[in-house]
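Asker: Let me give you the structure first, and then I'll get to my questions.
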Amino acid sequence: MANAMLLAVLVSFLVLPFSALALTQDFCVADLACPDTPAGYPCKKGVGPGDFYYHGLATAGNTNNLIKAAVTPAFVGQFPGVNGLGISAARLDIAVGGVVPLHTHPAASELLFVTEGTILAGFISSSSNTVYTKTLYKGDIMVFPQGLLHYQYNGGSSPAVALVAFSGPNPGLQITDYALFANNLPSAVVETVTFLDDAQVKKLKSVLGGTG
């Protein structure tokens, strides 16, 4: 009992300084000249209005690539004002026939708002591998819970555009296909863990620039 009470007191003392900081500090614009940390970037000195403004999402991304899609981020690295606020944003452009392959954001949930075109989207639950899919039209929104595999692709005959909000300043991104086939993970290992044959693995590595 005494140990439990001592632990509660220690936790309180650990939490109080951070609570006080949250109450006494309105914001903490990232000082990108310093290294990032698990708690975010250190606060920049000499903050101005421009630190809370970002025009980067006004321009369409270049979809002239393998997946015919482009993500333009407004994460803390591009928009230092979101540091410590638990939010960030991005613009998603998908050309006709384009796709954002299965991927995950380890550090944030995603809210997608379609502004143009038609997007077919879905995610897979981690507990039962249940697939939740929906066709999204202009004005629709869909949420993708943190860390779950999900995808989007253009389901129409015209370019699709979406604005994306994240529940963290640096949500992270790992695309499954690139994680398996765009690096030097040996083909034999990929074949073992995916049940794909050698020809399939080597073909995908060739397409995505992998070796081994």
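Note that Cβ sites are derived from N, Cα and C of the backbone, with glycine treated the same way.
Note that TrEMBL annotation is computational and uncurated.
Relevant sequence annotations retrieved from TrEMBL are reproduced here:
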- His103, His105, Glu110, His150: Mn(2+) binding site (BINDING)
- His105, Glu110: oxalate binding site (BINDING)
- Cys28-Cys43: disulfide bond (DISULFID)
- 55-202: domain 'Cupin type-1' (DOMAIN)
- 1-22: signal peptide (SIGNAL)
Asker: What's the CA to CA span in angstrom from His150 (Mn(2+) binding site) over to Cys28 (disulfide bond)?
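Answerer: Just about 31 Å between their Cα atoms.
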Asker: Find, among the disulfide-bonded residues listed as Cys28, Cys43, the one whose Cβ has the highest number of other Cβ atoms within 10 Å in the structure shown.
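Answerer: Per the Cβ count within 10 Å, the most buried is Cys28.
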Asker: If we count other C-beta atoms within 10 Å, could you say which of the binding-site residues His103, His105, His150 has the fewest?
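Answerer: Among the binding-site residues His103, His105, His150, the sparsest Cβ neighbourhood within 10 Å belongs to His103.
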Asker: Within 10 Å of the Cβ of Glu110 (Mn(2+) binding site), how many other Cβ atoms are there?
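Answerer: The answer is 23 other Cβ atoms.
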Asker: Cα-Cα, whole number of Å: Glu110 (Mn(2+) binding site) versus Cys28 (disulfide bond)?
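Answerer: Glu110 (Mn(2+) binding site) to Cys28 (disulfide bond), Cα-Cα distance: 23 Å.
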Asker: Can you give me the residues near the recorded Mn(2+) site, meaning same chain, not His103, His105, Glu110, His150 themselves, Cβ no more than 8 Å from the center of the site's Cβ atoms?
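Answerer: Neighbours within 8 Å of the Cβ centroid, excluding His103, His105, Glu110, His150: Thr104, Phe123, Phe144, Leu148, Leu149, Pro171, Leu173.
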Asker: Cα of Cys28 (disulfide bond) to Cα of His103 (Mn(2+) binding site): how many Å, rounded?
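Answerer: For Cys28 (disulfide bond) versus His103 (Mn(2+) binding site), the Cα atoms are 30 Å apart.
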Asker: To the nearest whole angstrom, what is the C-alpha distance linking His103 (Mn(2+) binding site) and Cys43 (disulfide bond)?
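Answerer: It is 31 Å, counting Cα to Cα.
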Asker: Compute the average pLDDT of the predicted model within the domain 'Cupin type-1' (55-202).
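Answerer: Residues in the domain 'Cupin type-1' (55-202) carry a mean pLDDT of 97 in this prediction.
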Asker: Rounded to a whole number, how many Å is the Cα of Cys43 (disulfide bond) away from the Cα of His105 (Mn(2+) binding site)?
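Answerer: Cα to Cα, Cys43 (disulfide bond) and His105 (Mn(2+) binding site) are separated by 25 Å.
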